[in-house]
């Protein structure tokens, strides 16, 4: 199945049903009181995280979702039926952004997580709500409000413990093939990897971690060169990054400059991502020999001013790969399992009609208590529209 990690959808919640103006009419009861019921609330729209999905391709074709409108109120104090909700399934790891405001509506990080993204309109009130000691036969009602409309950007971010960085042909796909059952394509030309891939590294029967391989970066990626930096977002939730440096580039380029390119592109993309724990891994030591590899590695470390630990491996021959994986496993075990992305939790999203119910009923009660003022035609100051019927 084609991997799609971005999609834009339109969600429209259902409108609220209108209130009803009606009076009780039965035999021997010529002057019955008001019995107009309230309308039904509009349907809401939810997102549901599903671990069985791994792409957003479905929403490249179906881009609009509309919930059901609430039914109008009826006589005999019958409340209108509530509109049906809509639930949209998305892969675990999906981030939801409001295109209109730019706010993060939520992060779908757990299987079964449910998130409301559009709230249905509030129901209108029937004339029964407006009866009082000074208004025995109210002929006013309120209309249902409109449901929320949002244009959402869905971004799928892979959930991995370890992320891999490097130029094209640095050996990232070879490494992930060596340590896991994943089989990304490997060839001797740039950009063999076109989409992100995940591999599970099993150290023993009880311990494992997930590693993410993304397409290689090149200089100018932040300006759109190559495949750009659109795949770097998949590393935001990783707890540690492995920066692979080719000790023997096939194009005879300078490994120091190659390493600086990746560091520079990382900083231009996100300061938070640039500050993540990052390990330097020198690959392809089998092509230059152990002694020459050590000399080149030390020269690169000095040129970069690197103060952390570095590793020397051959992903193709699996030299020193197992030791690196165990160090990664021990590092992950020593870190909290909280989300690695270092940003504040999104604020609570305010929906259009959150306080509508309380405000509207408070207005009705205030009108009922005001015995010296029964002018129901007075314009409402709070914007609640009353409809009068004769």
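Each Cβ is built from the backbone N, Cα and C atoms, and glycine gets one as well.
Owing to the predicted nature of the structure, the values given are computational and were not obtained by experimental measurement.
Annotation source Swiss-Prot lists GTP binding site at 166-173, 191-195, 213-216, 283-286, 314-316. In the three-state DSSP scheme, residue 172 (GTP binding site) is classed as helix.
Residues or ranges marked as Mg(2+) binding site by Swiss-Prot: 173, 193.
Here Swiss-Prot flags 363-384 as compositional bias 'Acidic residues'.
Per Swiss-Prot, the feature domain 'Obg' maps to 1-159; the stated evidence is sequence analysis.
As a whole-number mean, the pLDDT of the domain 'OBG-type G' (160-333) in this prediction is 79. The domain 'OBG-type G' annotation in Swiss-Prot covers 160-333.
According to Swiss-Prot, the feature region 'Disordered' maps to 363-390.
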Chain-internal residues, separated by at least six, CB under 8 A from residue 314 (GTP binding site): 283, 284, 285, 286, 320, 321
Cβ packing number for residue 172 (GTP binding site), 10 Å threshold: 30
Secondary-structure category, per DSSP, in which residue 215 (GTP binding site) falls: coil
